Amino acid sequence: MVSNIGLVVLISTECSLHQPMYLLFCNMSINDVFGASTIIPRILSDVFIPMSQRLMSYNECVIQAFCAHFHAGIAHAVLIIMAFDRYMAICKPLHYAAIMTHRMVLGLSVWAWSISFLLVGSSSASVVILNPFCDNASLFKLSCENILINHVYGLGITVVILGSSLCSVMLTYLRIAMVCLRSKNKALNSKALQTCATHLAAYAILLFSGCIIIILHRFPHLSDHGKLASIIIHVVPPAMNAIIYGLQIKAVREKIIIIFKRATPGKVK
């Protein structure tokens, strides 16, 4: 929480960082703060409550399930936009400033949050939850009605979100790789690879964490592993994103160096 909020504050206050790539970082950090704050506090509070008293109303459970899926949907949408931003910066550098304006970034950000809200909102499920927090899969298992439509729609939305993000990222980076291979500018290629590596690392962490949860939900005898995986997705990716993207920004690294120098005044000349 401290790392992500600090990153947002730094980008907001530093005029030199008011660029498309850094503004997209803000989207990611804000979403990570949102996702963690809707899940982690409740889990931490339940640790100190006896199992028999860990109760949550149905409405609260549905809201938490919506927030959990909304967070995942936004993460994939923002990563798609970030892949497009890197594609424009590396493959179309002369058109980058004209296309990736502040207005374009704002529009893409609104699109990411809006489309996730619509897709996830329409898939929320219409009681003992075995998962550490509420999600649609847990609610479906408790239903006494025929939920075939819910399953089909939920699986369809999952395929659309994961498929579109995976295809977009793969096609974008294949195009970037082709441009880098044809380019003779080693400095440009090195910078491109460094920037793309951070994005791919964050995407790989998110994709792996999400797929593990989806798979483990299909195996009830692995419920304990599923509980751990469902918590990890709301802890590891938000923490890693702040580190990966934070260290990528020169201004952040400079701030960190200043803090360390202040902590060791004897070594500062």
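Cβ atoms here come from the backbone N, Cα and C positions, even for glycine.
As annotated by TrEMBL, domain 'G-protein coupled receptors family 1 profile' applies to 3-245. What TrEMBL records for 63-84, 105-131, 151-174, 195-216, 228-247 is transmembrane segment.
Same-chain neighbours of the transmembrane segment (195-216): 21, 28, 72, 75-76, 79, 82-83, 86, 89-90, 158, 162, 165-166, 169, 173, 176, 222-223, 225-226, 229-230, 232-233, 236-237, 240-241, 244-245, 248, counting only residues six or more beyond its ends whose CB sits under 8 Å from a CB of the stretch. The list of residues near the transmembrane segment (228-247) in space but at least 6 beyond its ends in sequence, with Cβ under 8 angstroms from a Cβ of it, reads 3-4, 6-7, 25, 28-29, 32-33, 35-36, 39-40, 43, 68, 71-72, 75, 131-133, 135, 198, 201-202, 205-206, 209-210, 212-213, 216, 253.
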